[in-house]
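Read the structure below first, then the notes.
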Amino acid sequence: MSAWERYLHEEAPDRLVQLALLHAEFEALHPFLDGNGRLGRMLVPLFMWQTGLIRSPMFYVSAFLEAHRDEYYDRLLAVSRDGDWTGWCMFFLSALKAQAEENQQKAAAILALYERMKREVADLTRSQYAIHALDWIFGRPIFKSSDFVASAGIPEPTAKRILPAMREAQVLRVLVDGSGRRAATLCFPALLNIAEGRAAF
């Protein structure tokens with residue numbers, strides 16, 4: 001483990017290849033009784049962030065590895081059994097490339113959604129606070145109605161009018177109905193479905 005840690009802190013000529021090697025070695029070391037797979041996957045965004053490859057630690061390759069689970073384990077086994085580091089690195093780098101392309105597509109879809117929703121929410125609420133409300137909801141796509149009223153920075157009567165208008169237009173959906181003093185939990189399905197990559201909401 002100490003050799004792995006030393007290599008983690010080295011400045012290798014190619015940081016992505018270094019990450020591929022670190023990930024495989026971590027999985028081979030299996031340093032903990034439980035959770036090695038999750039920690040190995042968490043290593044990816046943390047290493048990329050720490051080394052300046054990304055601006056924030058929000059690059060998750062888990063979906064690709066899960067979708068290609070058999071090949072993932074076969075490639076790791078081929079490293080330990082046959083020393084096939086080239087095959088592993090090619091697979092891992094293709095995983096990073098595919099995830100980066102998917103992230104880019106999602107980012108473009110989110111920007112397009114934002115531009116479309118700016119017009120739609122302004123039209124349906126007829127409020128000077130429409131964009132302000134939209135910005136708040138984009139930052140918290142699952143929220144309690146009481147939190148919106150309390151912290152969106154919109155006058156309370158206006159906030160209480162905006163939410164029903166957005167619900168009626170099906171921009172927002174109720175996840176959990178309010179009852180008595182308990183506020184309803186709402187969600188913004190269009191944004192969540194882009195993030196999930198499927199119609200989850």
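Residue positions begin at 1 at the first shown residue.
Even glycines carry a Cβ here, placed using N, Cα and C.
Residues annotated as domain 'Fido' in TrEMBL: 1-94. Break the domain 'Fido' (1-94) down by DSSP state and the numbers are 68 helix, 0 strand, 26 coil.
Annotated active site per TrEMBL: HIS30, in sequence order.
In sequence order, LEU65, PHE91 are the residues near TYR72 (ATP binding site), counting only same-chain partners six or more apart with C-beta under 8 A. Annotation source TrEMBL lists ATP binding site at ASP34, GLY35, ASN36, GLY37, ARG38, LEU39, GLY40, ARG41, TYR72, TYR73.
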Spatial separation of HIS30 (active site) from GLY40 (ATP binding site) - C-alpha basis, Å: 9
Length of the line joining the Cα atoms of ARG38 (ATP binding site) and HIS30 (active site), in Å: 11
